[in-house]
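Enquirer: Before anything else, here's the structure in question.
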Amino acid sequence: MSIILIGFMGAGKSTVAKLLTENFTDLDQLIEEEIEMTIAEFFELFGEADFRKIENEVFELALQKNIIIATGGGIIENPKNLEALDREAGVVFLTADFETLWERISMDLQNVRPLAQDKKAAQLLFEKRKNDYAKVADLTIDVTDKSPEQIVEEIREKWGIN
């Protein structure tokens with residue numbers, strides 16, 4: 001069974017995936033390998049619509065394996081991805097209040113996030129997406145006051161993962 005981590009930017013999807021297993025798949029990293037540039041560069045050159053098409057193709061390929069997948073925050077923007085998430089078991093929604101997520105995003109200087117350049121726009125995006133995340137989740141974890149290790153333990157308990 002695949003475990004798929006979803007949630008808004010800054011929720012800790014990649015961090016948690018790394019702690020769950022060494023052999024996790026970071027969807028954003030796979031996409032960057034496929035497009036041979038950063039996601040930020042791709043957004044600037046081709047826009048979000050073209051990015052979402054590639055994201056869907058890479059996601060569908062990743063779903064064919066029994067792996068841990070850390071998705072990008074916008075995975076739910078494509079209806080095809082929403083359908084795929086809805087039919088998959090093991091979808092974990094990592095959530096927190098917007099201010100907590102914004103603080104994390106703002107402190108993360110290693111990741112350029114094209115859709116997080118403006119706080120108000122990011123908050124609107126957060127509000128737009130949060131219900132879709134919740135609809136497809138088999139497990140929702142509020143990460144606000146939890147360490148990555150505590151989150152991993154909850155996931156392991158839910159599915160009996162060692």
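Counting begins at 1 with the first residue displayed.
From the backbone N, Cα and C atoms, a Cβ is placed for every residue, glycine too.
Relevant sequence annotations retrieved from Swiss-Prot are reproduced here:
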type: BINDING; residues: Gly10, Ala11, Gly12, Lys13, Ser14, Thr15, Arg113; note: ATP binding site
type: BINDING; residues: Ser14; note: Mg(2+) binding site
type: BINDING; residues: Asp28, Arg52, Gly73, Arg129; note: substrate binding site
Enquirer: Out of Asp28, Arg52, Gly73, point to the one nearest Gly10 (ATP binding site) in space (Cα versus Cα); all of them are binding-site residues in the record.
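Expert: That would be Gly73, nearest by Cα distance.
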Enquirer: State the three-class DSSP label for Arg129 (substrate binding site), counting H, G and I as helix, E and B as strand, and everything else as coil.
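Expert: For Arg129 (substrate binding site) - judged by DSSP and reduced to three states - the answer is helix.
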Enquirer: Once near-sequence residues are set aside, which residues in the chain of Asp28 (substrate binding site), 6 or more away, have Cβ atoms under 8 Å from its Cβ?
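Expert: Counting only residues 6 or more apart in sequence, the Cβ neighbours of Asp28 (substrate binding site) under 8 Å are Ser14, Ile39, Ala70, Gly72.
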Enquirer: Rounded to a whole angstrom, what is the C-alpha distance between Gly73 (substrate binding site) and Ala11 (ATP binding site)?
Expert: 9
Enquirer: Measure from the CA atom of Arg129 (substrate binding site) to the CA atom of Ala11 (ATP binding site) and give the result in Å, rounded to a whole number.
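Expert: Checking the Cα atoms of Ala11 (ATP binding site) and Arg129 (substrate binding site) gives a distance of 13 Å.
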Enquirer: For Gly12 (ATP binding site), what residues in its own chain, 6 or more apart in sequence, show a Cβ-Cβ distance under 8 Å?
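Expert: Result: Leu94, Arg104, Val143, Pro148, Ile151.
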